[in-house]
């Protein structure tokens, strides 16, 4: 084990030439980032998760009810043992052949069976109230941490001159405010890593999970190698757009469509400018070029820059979805009515809308009298859980 640890923490990989870990040990005069500091993130992540539960229960939920956010979930499908068995054991999206077979077996028309499966799928979706509470929690955290980051960074020289990120590196003392900022951000993303499995499920779950892994790795990596100055710039830059996105989702859940559209457009501008403009021209420029000029090269820098480029690829993917949403709305001449959260899926759509789900297979037969009284009772194809459009994501 000692040999493995010695190999993993090889100074020639992690540190510039002629620098050792002993040089970066904290003393009474100056403190430096230590790998063991990061263990604090795990209990703090649990605390953040518990704070979130209390916040959603006692603050977000009363706010949602006060704003008339719909508390009921999707309309439930009528109990049917045969269809339930197909849904749970075979498929949640039956093809045309299976629909025809079920239609004959149950003496239901195909449209009614399609409606049952749509309602049954939506039945597993979270309520608008739950989604509002989740968004309000994220909005509150992002607003707090972004405000803290701005107040901290405006007093630092590297905000105004990125070359200051490398001045005196790696012998840059760890300031208490910077340590707090890093540990809280890392703890929050660890909490997201685990809570993502119980949060509202979104269609880009894999992409978001990749994003969280890259983010946690970047924060950890930059802390261990004392690349914390540029790390604070990256964190603050990314939090800016997330605040507006969560506000847009909350407005949508409250059925304030005009406000939601305005906020989403603001989010789109902030996201594209910050992620496709400021990030590559400001952050990648200093890590790829200014850092190399100041320190030369060592292996950890390549890993750090590869992770930053992976993050930029994710930025391009989400920007594509946002631009696609705007183009789709403009090309269809519905700029006054569109819900960008539906088209872009917030890059993270979580609900199937009734209109999107409605298959175009024609009815194979007229509804049977028993279907009229039993098979489609209350199944009018309208999901009260859905508001004008589908909506949902933080990154």
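From the backbone N, Cα and C atoms, a Cβ is placed for every residue, glycine too.
Pulled from TrEMBL:
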- 38-55: transmembrane segment (TRANSMEM)
- 83-127: domain 'Homeobox' (DOMAIN)
- 85-128: DNA-binding region (DNA_BIND)
- 130-331: domain 'TLC' (DOMAIN)
- 179-198: transmembrane segment (TRANSMEM)
- 205-224: transmembrane segment (TRANSMEM)
- 262-282: transmembrane segment (TRANSMEM)
- 302-323: transmembrane segment (TRANSMEM)
- 348-395: region 'Disordered' (REGION)
- 372-384: compositional bias 'Low complexity' (COMPBIAS)
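Ranking 179-198, 205-224, 302-323 by CB pairs under 8 A with the transmembrane segment (262-282) puts 302-323 at the top. When pLDDT values are averaged over the domain 'TLC' (130-331), the model yields 92.
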